[in-house]
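Copied over from TrEMBL:
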type: SIGNAL; residues: 1-33; note: signal peptide
type: ACT_SITE; residues: E126; note: active site, proton donor
type: ACT_SITE; residues: D266; note: active site
type: ACT_SITE; residues: E359; note: active site, proton donor
type: ACT_SITE; residues: E380; note: active site
type: BINDING; residues: T470; note: Ca(2+) binding site
type: REGION; residues: 559-585; note: region 'Disordered'
type: COMPBIAS; residues: 570-585; note: compositional bias 'Basic and acidic residues'
type: COMPBIAS; residues: 603-618; note: compositional bias 'Basic and acidic residues'
type: REGION; residues: 603-670; note: region 'Disordered'
Amino acid sequence: MQPMRRRHRGFPLLCLSAALLVAAALLPGTAVAEGVTPSEARRLRDEVKDMFYHAFDGYMKYAFPLDELRPLSCQGEDSLGGYALTLIDSLDTLALLGDKEKFGAAVEWVGKNVRFDINKTVSVFETNIRILGGLLSAHLIASDYATGMRVQSYDDQLLHLAADLAQRLLPAFDTPTGIPFGSVNLKYGVDENESKITSTAGGGTLTLEFGILSRLTNNTVFERVTKNSVRGIWSRRSKLNLVGAHINVFTGEWTQKDAGIGTSIDSFYEYLLKAYLLFGDEEYLYIFQEAYKAAMHYLYHDPWYVEVNMNSGATVWPLFNSLQAFWPGLQVLAGDVDPAIRTHAAFFSVWKKYGFTPEGFNLATSTVQNGQRSYPLRPELIESTYWLFKATRDYRYIDIGRDILTSLQYGARCPCGYCHISDVETHKQDDHMESFFLAETVKYLWLLFDLAAGPDNIVENGPYKYIFSTEGHLLPVTPEIALVDEHCSYFGAFCNGGADHGYSTSASSTHQKANYTQFNDIQASSSLYSVSNMFTTRGYLKGVCPGLTHAQKLGMSYSDEESNVIEQTSESHEHHSESAVESRVEAQSSNIILISHPVASQHDEVLESKSGSGDHADIAVTADSDSMSHDNAGGSLGANTEEPTEDTTPTSKQTDEEIAPNFQSKEDIR
């Protein structure tokens, strides 16, 4: 659980701009990295492979079948549910490394021995991303000859386990808002004393795994409940299109109104974009575009990100927390590469300063935040490094990967695995190794060097393209996942397509034929996802309904609509609709999915960093027509020295009343 963060009314915003200038001084130079030969890249890749097996074999020898390894004392511990968590989380990494023998043996053992009919209360978020995601990814690899990792004795055991597990998580979604409880007992459902407060990431990071399960089992309930959860969160966004960190799942009231891209919120953004990329559902793309615009307007102070009050946009917390490091990688997927490069350089400067990234780095003082001094082997910075190298093929990112590998080898390696770093300044080791070290940290590092060496793995050269879950699990964009249960859509009105993929007659008669635009403007090269084929056959229709906002057409207006939605002219509505219709996936030679989005549109916003003054970090942004007009001082650093109003008063990050003890999950501490 994150420690309480003390803040004082009237934070001196004027000095924050100067503080960001000091923090910017940490940035490394822009010299081109030394060339890395393919042979050196192979050596680095093999070193990462050895790193994986040192930790994996240590787990199997000293901890299995307990959940996680204690790498200093060479013991095991149950940390989630007591069902070999690290093994399940590592399955697709074994497959990625081409270890058919150990992958097959692990799949067989899990299928025979793991059961979820147990009296254990577990985190819905953690269980979904680590266990459900691990089972589904391994199932899709083990059951498919095309992957080269088909397990001969496999008969869908992992899929049956995944369906059983998801069924046991469903009671958590039985809330008035549709946003799930944070925890659920796998045998008895939600405890009557369970906290009604959950995080935004906890409610918004379920769509990929549950959506895939619906497609594989032909049971739509899993996808429906997770989409309802996303809608429940988004409908309660502020007028600035920002979401807070914690929310009451019964009342829909925000109990923590700090908006950011890190702790408690991060993967909400991530799964919006990735759900669109995996399923082609434009509702997720629209929400992502609106949420991303707001984040870049109110949170971004080039190259850093801060936390603001979701209602006013006033800065309340000038902190880089380590979970923010996933953001440049997400920006690469969204096609916004330039700010990703600058932000990644800023984040890596913190790693260079300490050898690791602390959980919190105070931008106002350029020091490690008290109480957030640890580095628990997090993957996010390495993940973004991989995506930026894939997008740019700039070998400076291989140098960065080499630096990260060196830090892990010399600072975190311990007798039976790799240890958490309890203090990034002293490099003191802690006797713990999270399962995500093998599921993500090592995986992204290996993929980075393998890409430089000349890739030879199922992600780069396999039969499918993959979306990575927030736990780094490989989710293939197969026709079964992308196209099953086809429907046609005109801004929220859905109809079952049926075997002939036809459109609903009643839906088609609602508007004149001229008002529809077929979703076939997606272009892709043969080297990228088969998005061209995938989406042009989905049967999406665009209906233009004058007088309605895009949000209203999608059924995603505010829960307090009369007081929150700003009136717009029909002309501006049509502009937004047409802009959304024109959003497309572009193929790039670097094999990256790129999506044009409103931030890059000159009609919507122009992001420009002011230079040559103390206000260099401010962002000049044209207010979105769907948002309330926002005073520039409220959303920029160094421009407001007044005491915050009641609405902008910084709130304590966590209080005993708001956060129950069960918030030990990754969305809070990772």
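Each residue, glycine too, has its Cβ placed from N, Cα and C.
Counting other CB atoms no more than 10 Å from each candidate's CB, the active-site residues E126, D266, E359, E380 peak at D266. Reported as a whole number, the C-alpha separation between the residue listed as 'Ca(2+) binding site' and E380 (active site) equals 10 Å. In this structure, the CA atom of E126 (active site, proton donor) is 14 Å away from the CA atom of D266 (active site).
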